[in-house]
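Undergrad: Marked as repeat 'WD' by TrEMBL: 15-56, 57-98, 195-228, 290-320.
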Amino acid sequence: MAQFLNWKEMRPYILHGHERAITYLKYSPDGDVFFSASKDFTPTMWRAADGERIGVFNGHSGAVFQLDTTSDTKYLFSASMDSTCHIWDVLTGEIVNVIQLNTPIRCLAVSEGDQYLCLCTMSFAGEAPIFYIYDISNGVESIGDPKLVIKSVVSSHTNIFSLIWTPLNKQIIACDSDGMLHVIDAATGEVVKTIKAHEGSISCLVASYDRTLFATASKDAKAKVFDMFTQEEVCCFATDRPLNGAALSPILNQLVVVGGVEARDVTTTHSQKMESLFYNLASKEEIGRVKGSFGTMNSVQFSPDGRSFITGGEDGYVRLCFFDEEYFTKDGEEEKKLRDIEKLGEQMNE
């Protein structure tokens, strides 16, 4: 293992703003702020430069599962166990609109160009998850009925945990608790492809910043990277723990994953496995570990400039870590060596 990262030398900002487990983390597109969701009902906004808490968003009456923003960070969207999607004014913290559904909302995503909002409900009380697509291109203050309602993608025994939009908003890709990926035509609601990606539940599905790749993290202790357009597997990384979160670096050929055993088992087993694991996509090797929380880690994100990352987990703390210059220098040298080797191989085959 090439060790580029040394947690003993990395001193994270440890941020306390939640009383219960953190479920999701999200950077704003410009990287100035980031948001955290938690089981304590209150999404929170932080300054990315120093971790200062800017404010909280009060209004939910249930755990908040996922967050997203518009491209200008003017509005924040939150999916909650209370069966609502709240839409917030980021500057004032006020509620701009509330979408009320009949069952808890497990995940959401805003499309390219802030044109559409997709919500997906949980499997609940015998009802299968349902996708709702709303047109938000004319503003979020008055959202009408959904443009499209998509049913029967999975059964009532299966949950959808995350979804992403493909470029040009042509398709939605969703992951489920059976280890499947579902590629859905966003115009018709037709499922155009179903892929058995993992042997366990897929906890996380995340697109790269340039939207050419996406990554999955699974309870089967594996993380995978796929081509966004063909959905073909690019690489697979086997770890020693169930995985809950993943992120792709916007500037380096890297993947970071986090996870751990179920929260109830942390005190008795695998208590040491609370690091963020970093992998190089070209060499397919682990390149380092950064020590994390005191419990299972649920979410991780790179900053848009790739110079820092955030993690959050069952202990309710956010950890904000900044990379030192040695990290960029060493990994850059390693990637150059790999490119030189690939180029030499191409020349020998000519």
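Heads up, the Cβ atoms here are built off N, Cα and C, so glycines get one too.
Where the annotation comes from TrEMBL, it is an automatic prediction and has not been curated.
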Undergrad: Treating G and I as helix alongside H, and B as strand alongside E, what does DSSP give for the repeat 'WD' (15-56) in helix, strand and coil?
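TA: DSSP classes over the repeat 'WD' (15-56) add up to 0 helix, 22 strand, 20 coil.
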Undergrad: Averaged over the repeat 'WD' (15-56), what pLDDT does the prediction give?
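TA: It averages 98.
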